[in-house]
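Record features (Swiss-Prot):
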- 496: active site (ACT_SITE)
- 495, 499, 502: Zn(2+) binding site (BINDING)
- 126: N6-acetyllysine (MOD_RES)
- 1-35: transit peptide (TRANSIT)
């Protein structure tokens, strides 16, 4: 029943409606277009100046976080959750007493919305607010709402009210496709909790769900926990690369970018050394997921997890991964040969390529072959220029403008958070984006998109505007310069804005399927598509200007940057295929035919090609097994779809308004309210096959010979 509001970095970065003109149906249902506000200012300037104290309205009335009156103090979370729980009780009563029909689905959605509005907001505040009191209060609210959701998902009367609707064929046939899909999604949530089982099995399902939550939390903590080794066991000259603690050296990561081969090797072997407790936790997590899936009627956890996705089932996922691996194998071998050549050049004594080598040596090759030192690019990518670039692109593609709006006192959690109003040229205000872009103490390091409030059509005909947060970790401005982004930071900004536009334009009738609340292998398509725009010179040329001289970024610098990303890209993609395959096997048929480490060894040798290192257990650090269990392939599949959309719709003209409107209408407007493959078909005007997806990914690896011609001129 509860939506998860966060979309973070998956993969290399580490979230049915009848066809209609996007946004029109809802507007015609009675929404009044909002006029442009006089308090809005141009977006570029807002990000290249430091916020003044006055912009936070120091003497005005305190509004509360995100304008929620109760949240002007940490204690307000208790009031907000109590209010939501009271409303939930009333709505449960209404749902159980209302005759089955479309109204049943509306009540369920309002129930979901009343809980999500507190839970999603709290989910963000508990990790992002600088004040511990706010974080703790938000954590408690998450727990309280989570308990309520567990109760609702096992409420037999509530389940029966929905089952009566879906069991009546005549009633179901009378529902519009979006309403029917939302009803089925709510039913899916119920059945995952085992509500359709007898009392004893239902209790077992609830117990397994609780156990899985606890094991997931324990596994995540263990995945990031450092390992230590006695000092005398490490060569003296590499000890200074690690943290000391008495007689021990602490290893807290892989040190993948270290130029010293021995440092990388030591970090790899020590950080990935098996921990018996973590191993037991993973085994229990996988077997508990399998037991739960079987209990509620699925042959494997993977079959359960892939319901409603583009792939639909594990067989399709494995076909996709195996075909992709076959197509990559020759290119991957060439990449490893290139890495071996560079390693031999720098370290003639030991040129064998090991798993700790590719990230470092591919970076060396990139730097040698293309002059792409980030400091050459940063002056052209001031944050204000990049935001203006996004504004230009969104305006030309979708008729959307971003305006900076002054937040009220207490509305934001840090004075450097900017608030953007998202405004359509004819439809008016679509929603708000809060930009939490800058580094600060205790802030999570991952770039993320959070849904704070989902959009939905309210009973009075007005539309509940979506509210999201984009969280990045950019350096602050200095006395002499505004915030300057590396090319990677600029691409991440475009990526996260892709999620935000999905939230703004996925204007569904129901909150349960609004914006990014869609299957995982579709959710990354809008964000990855934005990366293609960020790497196109015609787009970059609109905004990349030197912050001091105003000079545009030369075309050959953009081309070199794009081509440099293809260095060892096949090996990088092959690594993702290995991870995704391992994830599928772990969540496939149980009992597993071997230990998780033996399966890792087999899979690494078959799907990656570099040797397994004895006495290591990389799977115990694979934290994505928790959030993306059986769905790690999603990033690759989303990239394949985004690549096809780019090539077929935007490659000829990245500012094509007709293609932009079609993209909104076919892919963004439905949120999760339509089957993802139907949205892909609508956009591409064909039903892509697994071979099409594989070809799209592989063709992206081909070098663009225009770059070499330009550089040789």
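Including glycine, each Cβ sits where the backbone N, Cα and C put it.
A map of Swiss-Prot features onto the structure.
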{"residue": "126", "record": "N6-acetyllysine", "DSSP (3 states)": "helix"}
{"residue": "495", "record": "Zn(2+) binding site", "DSSP (3 states)": "helix"}
{"residue": "502", "record": "Zn(2+) binding site", "DSSP (3 states)": "helix"}
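For residue 496 (active site) paired with residue 502 (Zn(2+) binding site), the C-alpha to C-alpha distance reads 10 Å. A separation of roughly 24 Å, to the nearest angstrom, links the Cα atoms of the residue listed as 'N6-acetyllysine' and residue 502 (Zn(2+) binding site). Residue 502 (Zn(2+) binding site) counts 31 other C-beta atoms within 10 Å of its own C-beta, drawing on all protein chains shown.
The recorded positions examined here are 126, 495, 499; by Cβ neighbour count within 10 Å, the least packed of them is 126. There are 25 other CB atoms within 10 A of the CB of residue 496 (active site), with all protein chains counted.
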